[in-house]
């Protein structure tokens, strides 16, 4: 028993020793498969030499010997020290400088003891790759500093240099500034961002551009404000399409000008274009900054896009309105709401898309935030593409509108009054000038942007070279070498930027010129008189149709007092809007209006029976009165004759005068032609009419009327009555008989009967009475006479046989008369 116990103890000891040795070997193999347990994989055998420099990049070294075996580009310590000074140019990249200092010292001045030098670890090498990407991009890493060399940079090794504390921190050389905001870092230079002031322009150029913007922005602001104020001062007459579209266009440019001029408020420019770390705002909106940049962008961009889309609506409205000249058709009726929907929604969608992609950038030269200062493809897609589309569509409608006006002026000269023709000429001239300016400004804008697009890459390359040159200045200071002169070789032209801004501000000024007319002066004159409570002496432009409508609306008052005068408010008076040449028709009222016409408008309306009460009939006694529902169907409400028809009527009338004999003798000798004589009107209290060749009978007719008055009035013969009551449709040919019988006679007053009823007169009692004088019907029995109505005499073909009190006759007479106000 005792002999077996020592043997078991010895066996256990040997098993423990074997297990420990196996674990150590396995650990060595796992950590470094290419090494053995007997080799130190974190060190490399070499010859050590005494350090000549006790510091590395400003930090003291805790050892006394080193080796140059790791720095393949240096054969002596002097060369190694010089190379370190050249690498010190990375001091201008703070985040790179913080991680590359230990690596450089571990390679150029490593610790060497007992013939072995310490190797830098793989982790120390990899830590420099991302922060120092500018080295890889500009010059590339040398072979002895590439992390792919596993023998040079083994894993898991501790280095004496890593324990050093470097007391020098990185800095950003102008035009870069130090920042911890990653979004502000300049490409490949982590820790530095571009300064707020654009480095491509000098301070003097900044001041020059700011003064330029202040001048033209103020001019645009004042011009557009004057236009808006002019529209608002006479809004009742100005709020008409298409002219009111210019109000919205000027409103857009007015708001945009406010966005441009906001930078001149105290401290506003730095708040708009600069971040809190004094770097330029790029890629807005961001969660760490204020919304001042975004607000200015929305004001400028949204108003600009809305203004150019309103321009398309303006040209379309011009085109459709010009096509409808001379007609009562309102082409824009019901479409204006769509104008607003399209014009305000499309810029909103574009604005939201830009903000969603964070493509709002600031520019210290212009002092605003806009899209595409950094990535020009966004400016091309969100600015140039919409403006180009607008240019094509708006130009098409503008050209068509001018062609329409030219066609009206050339093909229909007889339709135009002298004033309308003058306005068409003026409008075509102004449209031509406006179109030329609009196309010119847009083409200038395109040219300036193309200039930016084609030269952007060269400007960026020049700026990058300038940044590297500034880094070399730091190296020159460290190595006591000549300091290079750094300058940006290729810079954008300030003149091109001014031209681009002029095209934008010039467009706003051009839009405001539409109110630079004489009508605007009159508007402000009336406004001033209205403010001070004084009435102006300007002749009022009152449309005759409005005057007649006013008299008709006051018919009850005028019936009681026929001598009452009408008063017209400013709402009835039709002043010319501020946009002269846009809102006009071919028959608009003239300023020179006869005062006598205006004073007698009530009598003229009364003459047409407009103010007669409903229970008064103009039918003489013995004529059946039609029911009100039938009577209303036959009144002719309006009579509108085109200029061509008026010319044809005058020519036809002239030919009749040449063929038809004149004078009383000729009429008596020609039984086929008889003139109608005027009898006293049955309408009570109708005003007497002035002498008129088309309305009042001649003197010889008046004398004949006095002689035969008793014979001509059917009401004086009560024996002429129908023997049996007849239905109204059978008695009145205008409703029954004539409704189904075609007649060449025009519609007359429904309260009179027509000559065409003679076929149904067998229902009336016959009489042997015959009228005397020239109105005696030769060879006609009394039974064939139209009894119970005013005598109507057969006339020559083509002449109307209706009463003189007919609305149609009166209207035709005045429309066909050259001296008539109608």
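Note that Cβ sites are derived from N, Cα and C of the backbone, with glycine treated the same way.
Quick look at what Swiss-Prot annotates:
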BINDING   73, 373  cholesterol binding site
COMPBIAS  647-658  compositional bias 'Basic residues'
DISULFID  42-157  disulfide bond
DISULFID  48-112  disulfide bond
DISULFID  56-105  disulfide bond
DISULFID  96-132  disulfide bond
DISULFID  125-147  disulfide bond
DISULFID  172-192  disulfide bond
DISULFID  196-274  disulfide bond
DISULFID  293-369  disulfide bond
DISULFID  469-486  disulfide bond
DOMAIN    43-160  domain 'FZ'
CARBOHYD  34  N-linked glycosylation site
CARBOHYD  167  N-linked glycosylation site
CARBOHYD  472  N-linked glycosylation site
REGION    645-687  region 'Disordered'
TOPO_DOM  234-241  topological domain 'Cytoplasmic'
TOPO_DOM  315-335  topological domain 'Cytoplasmic'
TOPO_DOM  403-430  topological domain 'Cytoplasmic'
TOPO_DOM  525-822  topological domain 'Cytoplasmic'
TRANSMEM  213-233  transmembrane segment
TRANSMEM  242-262  transmembrane segment
TRANSMEM  294-314  transmembrane segment
TRANSMEM  336-356  transmembrane segment
TRANSMEM  382-402  transmembrane segment
TRANSMEM  431-451  transmembrane segment
TRANSMEM  504-524  transmembrane segment
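Feature annotations (Swiss-Prot) mapped to structure.
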residue: 48; record: disulfide bond; Cβ neighbours (10 Å): 19
residue: 172; record: disulfide bond; Cβ neighbours (10 Å): 23
residue: 192; record: disulfide bond; Cβ neighbours (10 Å): 26
residue: 196; record: disulfide bond; Cβ neighbours (10 Å): 19
residue: 293; record: disulfide bond; Cβ neighbours (10 Å): 25
residue: 369; record: disulfide bond; Cβ neighbours (10 Å): 27
residue: 373; record: cholesterol binding site; Cβ neighbours (10 Å): 22
residue: 469; record: disulfide bond; Cβ neighbours (10 Å): 15
residue: 472; record: N-linked glycosylation site; Cβ neighbours (10 Å): 17
residue: 486; record: disulfide bond; Cβ neighbours (10 Å): 16
>> Which range wins on Cβ pairs under 8 Å with the transmembrane segment (504-524): 213-233, 242-262, 294-314, 382-402?
In response: 213-233
> How many neighbouring Cβ atoms, not counting its own, are there within 10 Å of the Cβ of residue 132 (disulfide bond)?
Replying inline: 22
>> Looking at the disulfide-bonded residues listed here (56, 132, 157), whose Cα lies nearest to that of residue 373 (cholesterol binding site)?
In response: 132
>> Using only C-alpha positions, which one of 48, 96, 105, 147, 196 is spatially nearest residue 469 (disulfide bond)? These are the disulfide-bonded residues in the record.
In response: 96
> Under an 8 Å Cβ to Cβ limit, what residues of the same chain, 6 or more beyond the ends of the transmembrane segment (242-262), are close to it?
Replying inline: 213-214, 217-218, 220-221, 224-225, 227-228, 231, 268, 272, 296, 299-300, 303-304, 306-307, 310-311, 313-314, 317-318, 321, 332, 339, 343, 367-368, 505, 507-508, 511-512, 514-515, 577-579, 582-583
>> I want to check the contact list for residue 42 (disulfide bond): same chain, sequence separation of six or more, C-beta distance under 8 angstroms. What comes out?
In response: 118, 119, 121, 154, 156, 157, 158
> residue 56 (disulfide bond): which of the disulfide-bonded residues 112, 293, 369, 486 is the nearest Cα neighbour?
Replying inline: 112
> Nearest to residue 472 (N-linked glycosylation site) by Cα distance: which of the recorded positions 48, 73, 96, 112 is it?
Replying inline: 96
>> I'd like the Cβ neighbour count for residue 56 (disulfide bond), meaning other Cβ atoms within 10 Å of its Cβ, all protein chains included.
In response: 24
>> Across the topological domain 'Cytoplasmic' (315-335), what does the mean pLDDT come to, as a whole number?
In response: 78
